[in-house]
Amino acid sequence: MASLSRVLRVAATCPRGRAAWNLGLQPLATEARPTTEKSVPYQRTLKEEAQGASVVPQGPSQPLPSTANVVVIGGGSLGCQTLYHLAKLGVGGAVLLERERLTSGTTWHTAGLLWQLRPSDVEVELLAHTRQVVSRDLEEETGLHTGWIQNGGLFIASNQQRLNEYKRLMSLGKAYGIESHVLSPAETKSLYPLMNVDDLYGTLYVPQDGTMDPAGTCTTLTRAAVARGAQVIENCAVTGIRVRTDDFGVRRVAAVETEHGSIQTPCVVNCAGVWASKVGRMAGVKVPLVAMHHAYVVTERIEGIQNMPNVRDHDASVYLRLQGDALSVGGYEANPIFWEEVSDKFAFGLFDLDWDVFTQHIEGAINRVPVLEKTGIKSTVCGPESFTPDHKPLMGEAPELRGFFLGCGFNSAGMMLGGGCGQELAHWIVHGRPEKDMYSYDIRRFHHSLTDHTRWIRERSHESYAKNYSVVFPHDEPLAGRNMRRDPLHEELLGQGCVFQERQGWERPGWFNPQETAQVLDYDYYGAYGNQAHKDYTYSRLLGDEYTFDFPPHHHMIQKECLACRGAAAVFNMSYFGKFYLLGVDARKAADWLFSADVNRPPGSTVYTCMLNQRGGTESDLTVSRLAPGTQASPLVPAFEGDCYYLAVGGAVAQHNWSHINTVLQDQEFRCQLMDSSEDLGMLSIQGPASRDILQDVLDADLSNEAFPFSTHQLVRAAGHLVRAIRLSFVGELGWELHVPRASCLPVYRAVMAAGARHGLVNAGYRAIDSLSIEKGYRHWHADLRPDDSPLEAGLAFTCKLKTSVPFLGREALEKQRATGLRRRLICLTVEEEVPMFGLEAIWRNGQVVGHVRRADFGFTVNKTIAYGYIRDPSGGPVSLDFVKNGEYALERMGVTYAAQVHLKSPFDPDNKRVKGIY
């Protein structure tokens, strides 16, 4: 039997593109022969795609029902978990259709690893539920063992930044009661004697991590689901999705078609894995994912490896999974092989392993566990996996088709995320929204212009695959799929040193570096596939400089922008914002129902408000301006009958807002429409004590407090161009937003800059907004304000019209919450020591962990680190203001605690004078 070291020698001498097994290493090839590997649930012939399909039994495993409440397509991990959780929620008439047999496609050959700690609180919760389902719930319900093995997990750090990341994970784990330990190299050696620790800085050990058996888990899931009335039908390929259009012109799912008949249903769940895009096309739904080859090898027996924890050596981009008395070795490479033509006939097929691609993982594995150099290879597994543009799954209801849900694109994490995601998807289907904040997985996180853009999907999916094991730094940005959407000021700001961030395809200003130009170049695939890697790439170098959990090297440049805004004025290009018009005969009714605040004030008023879901969770925060009819239609005042409201929403979440509003309009059958003018209008925000003096030279309007109060808007002329000026602030200063027709953006910007030159006006970006807004206590949606947070918990009760009798979406939930008391509450904490924090730090109160930080940044005006997070009472009681005030607090950063002071109001300008122009 060939050893791993021989593979390295052969690969080193083998010409590029030539198969290593042509040199006589037949045992290393995935040839067509029977296999009975433990990880393979069925005795099949493993073949390349070109060698043909496995034999498929004729006819479905049981008769098709004529109707179903829900049809799940795909019998892999997500399909089985979703069916199980639908059944647990009491959904009758739930049917799972599998083209071949359960686990076919990807699930059957997955490694089945479960790691409990990830740099996301929501993912930690999802993983915890999966672990509970496979390690306890299923066995209690069915009496069957799922194949769960708890052997622990070990993360390897071979540099200080990686160890810092692990310390952050350890602190987050304390908020969830997850046991973990940061070990020294010597302690690691004691735990794992076969490991080379000479190059280690340390490790993170999580004793209760483990592995799952895909076949055992899926079999047990479906048995439990069937016991609750669900149906599982194998050998039944879906051939089409029938769609109907209702009386309001809304497309809805009507039926699922198969070769053996159709099933009428209002709801379809696409859990088809690498075939999900094809299923989406059947219904006219865009599914942005790509299929790639993903591989691991299984070694021969290794003496002394039994009971060792699974290992992730992130810096070597390799994992080592315990498999009895052997190891599975796999990882993520910079040059994965795309599966260009996804075959329908590949249910239990495997590809031949490309040793040129896989060799790098062997090198990393041998370095970490040297005994592998002399260990033989028992088998290779190279199968298809689906990957997405941001390495997050695709879930939720498709914006193109009501009743069509996604549960696909799991980036090799479908087993470990399956339980949590299956539960949330079931809630999504039954209740309209998930229980947790699933925005990072929601298909609506992508702008509709990107979800069928082939180049963008391919580039971003490649980069997310290649960086799967990279450290997750706070200020990282993608290099792939850039320059998709640029506003009219892009080139102007680039020439002034703007370092851009990417959000929903938009290039938005991050911060300014006047010393050099940082153009974002076309994606080079990190030099893979014959591409020439960029040299002297300024933008990439600036990003790399910020790869730290300390204060970044450009910290002082963000400081200059912030202090200029507080002391004089700054201009923020916010043109990437979503800008919608809600108009029509029922627009007022829709506004009453959609918005938590009373927006039905006289035309000329602007209101900060939230949009809620049925459970009272916050789906959005935004500003709504009521408009008066114009004399003629324009980008600033569309023609309308009835009422019209102008909505300005964060650009990073604009598609989510658009979809949420349209869903509510459809459900309530309001006779109004939502018009998207995001590309037609730019947006400049001029903020600071000098903003009035600057703009008074540019605008033809009286900007005094009496003539132009806070939270009002007017149509004015700026340097001769008609604009909408709104007196608002995202940073806690006197200031105005200018909403400008696209063609006028550049001349208006130049006029503002010219007028501001003598007042000290500077360009500033979103890094400055992050710091300035946290000082003032303004919320950021999807950070300290999410769909699982109510406005009452978040300190935003003032945005809710609870003192009126006007019904609005989520009102009943808020009234119930107010009556029973808040079980958690958002608090503000500051740390006297100058220490960087970015979120996920544990919050200690009186010696107990009571929560974790959602959002943190450094406040340059107060010269302190500021953190916001939700806390609970460990006894389970309501969290009152007295509970908040009467505690001693500390924040744990990377295992070190820092004393913290709690604030009931924002630490900067708590009396709210500056936005009123009182300095």
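Note that Cβ sites are derived from N, Cα and C of the backbone, with glycine treated the same way.
Per Swiss-Prot, these features apply:
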type: TRANSIT; residues: 1-22; note: transit peptide
type: MOD_RES; residues: HIS109; note: tele-8alpha-FAD histidine
type: MOD_RES; residues: LYS174; note: N6-succinyllysine
type: MOD_RES; residues: LYS174; note: N6-acetyllysine
type: MOD_RES; residues: LYS278; note: N6-succinyllysine
type: MOD_RES; residues: LYS378; note: N6-succinyllysine
type: MOD_RES; residues: LYS392; note: N6-succinyllysine
type: MOD_RES; residues: LYS535; note: N6-succinyllysine
type: MOD_RES; residues: LYS776; note: N6-acetyllysine
type: MOD_RES; residues: TYR778; note: phosphotyrosine
type: MOD_RES; residues: LYS885; note: N6-acetyllysine
type: MOD_RES; residues: LYS905; note: N6-acetyllysine
type: MOD_RES; residues: LYS905; note: N6-succinyllysine
Check: min Cα-Cα distance from LYS378 (N6-succinyllysine) over modified residues HIS109, LYS392, LYS885 goes to HIS109
Here the Cα-Cα span from LYS905 (N6-acetyllysine) to LYS278 (N6-succinyllysine), rounded to a whole number of angstrom, reaches 52
For LYS535 (N6-succinyllysine), the nonlocal same-chain Cβ neighbours (under 8 Å, six or more residues apart) come out as none
HIS109 (tele-8alpha-FAD histidine) sits from LYS885 (N6-acetyllysine) (Cα to Cα, rounded, in Å) at a distance of 53
Close in space but at least six residues away in sequence, with Cβ under 8 Å from that of LYS174 (N6-succinyllysine), the same-chain residues are ALA842, VAL849, GLU892
In three-state DSSP terms, LYS905 (N6-acetyllysine) is classed as coil
Among the modified residues listed as HIS109, LYS392, LYS776, TYR778, within 10 angstroms of LYS278 (N6-succinyllysine) by C-alpha we get none
As a whole number of Å, the Cα atom of TYR778 (phosphotyrosine) is distant from the Cα atom of LYS392 (N6-succinyllysine) by 28
Here the modified residues are HIS109, LYS392, LYS776, LYS885; the one whose Cβ sees the most other Cβ atoms within 10 Å is HIS109
All chains considered, the count of other Cβ atoms within 10 Å of the Cβ of LYS278 (N6-succinyllysine) is 14
Across all protein chains shown, the one of the modified residues LYS378, LYS905 with the most other Cβ atoms within 10 Å of its Cβ is LYS378
